[in-house]
Amino acid sequence: MPYLLEMKNITKTFGSVKAIDNVSLRLNAGEIVSLCGENGSGKSTLMKVLCGIYPHGSYEGEIIFAGEEIQASHIRDTERKGIAIIHQELALVKELTVLENIFLGNEITHNGIMDYDLMTLRCQKLLAQVSLSISPDTRVGDLGLGQQQLVEIAKALNKQVRLLILDEPTASLTEQETSVLLDIIRDLQQHGIACIYISHKLNEVKAISDTICVIRDGQHIGTRDAAGMSEDDIITMMVGRELTALYPNEPHTTGDEILRIEHLTAWHPVNRHIKRVNDVSFSLKRGEILGIAGLVGAGRTETIQCLFGVWPGQWEGKIYIDGKQVDIRNCQQAIAQGIAMVPEDRKRDGIVPVMAVGKNITLAALNKFTGGISQLDDAAEQKCILESIQQLKVKTSSSDLAIGRLSGGNQQKAILARCLLLNPRILILDEPTRGIDIGAKYEIYKLINQLVQQGIAVIVISSELPEVLGLSDRVLVMHEGKLKANLINHNLTQEQVMEAALRSEHHVEKQSV
């Protein structure tokens, strides 16, 4: 049986740089192939070639789809062939309804008039196909990210898709939403729809894939059956070296208590009847890594936003640093107390995309380069920028490059560099490795271990339980705004954490295995 897709010897250059160098990829109808590689490895470039974003003639090589050569000059050419791509940044219009988004550019008309009855009927069938029980008239902006992702798939199905490309589809989804999405992909597979799945979450890659293709530095490293590969095998192929331990387990000692929070309660910014954090108390020691785990909506981010002074609603409670009660109502007061934070959404809250990498790094510490006068010491600032880039291993062609052009991992390193310029005693990391590749994750994990060895206290909030358990000395478990457990991490398991989160009792338990 002929392949559904064959990409033969694809080479794509930008100037003198080969982004893709003689890469071949093939898959059958109904096959799920995961495309793995670090950020900058060439995955996105290869997919843009396939989809016609980079038109025929701008690359070398040949693309055969359903037995015919594709010479696309535009993405609409490949869509008409049955190839659809769903990017991590969803391409939905939030102000339009679900129906309007699904049929945008593909409206059903009779004599120039849109047939809303027929489109509604078709939309209902598409939504049922992706297990979405919502009205076609629902405004997309009122949906959660998981539901929006499914609307994107329904939109692709409306175009008679035969090959679906998913780029980091679960980066912002909950565990339950991820499970629903993977089930739908498997169902589409049963209907003969092939899928190219791109993700840094290797547990998902293993769970969903028939075949795994690895690209490194623009070159095809290998394609293997997923059943015969472990996560360690994938990592080794991706980074070109064996990572003996993803989570560095370097010994460090904890010191005296540096932070204590007592009876913290935070209310919804709009509805004062809803408590997002409910009577939470905990402490933190110097040189300790404190993980905070829980399902989405548990109140983890709200808790640390109160600590950093950026929670938009009202809150009450007491914060003690070095045994003294402090009042923190904005981020400037938090920074003055030695607290720095890497936010959950780096694109929205962490970077200024059009500003240079260097300027993003020094943004919160410009007073270091003024010397008491209003004029910046440009030489001192540039020296500090270059040292930070080197220390954090930020991969950029220039410190003047707009940070929005860097990979997610390098953006995250730049934000960390900014935090370290503040000489923090307490560092808060909210989803520190979301959407970044395995190599960048490893470097950030090593940095966290180095910081706690210097006595810096670190709070890690993560939706990935293996990350929380791999890094933390102690784990707080939250559920629906309440602290359910305070667990010392002596070989804690994911099952123990989830059991603690879902237990009906509200008292705090301690584990000292």
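Yeah, the Cβs are placed from backbone N, Cα and C, and that goes for glycine too.
Quantities reported herein were computed from a predicted structural model and do not represent experimental measurements.
Feature annotation from Swiss-Prot assigns ATP binding site to GLY37, GLU38, ASN39, GLY40, SER41, GLY42, LYS43, SER44; the stated evidence is sequence analysis. Per Swiss-Prot, the feature domain 'ABC transporter 1' maps to 5-242. The domain 'ABC transporter 2' feature in Swiss-Prot is assigned to 259-505; the stated evidence is sequence analysis.
It is SER41 that, of the binding-site residues ASN39, SER41, SER44, has its Cβ surrounded by the most other Cβ atoms within 10 Å.
The ATP site is set by GLY37, GLU38, ASN39, GLY40, SER41, GLY42, LYS43, SER44; from the centre of their CB atoms, other residues of the chain with a CB within 8 Å are THR45, ILE215, SER407, ASP437. In this view, the densest Cβ surroundings among the binding-site residues GLY37, GLY42 belong to GLY37, judged by other Cβ atoms lying within 10 Å.
In sequence order, LEU35, CYS36, GLY37, ILE198, ILE215 constitute the residues six or more apart from LYS43 (ATP binding site) in its chain with CB-CB distances below 8 Å. Counted within 10 Å of its Cβ, the other Cβ atoms near GLY40 (ATP binding site) come to 20, all protein chains included.
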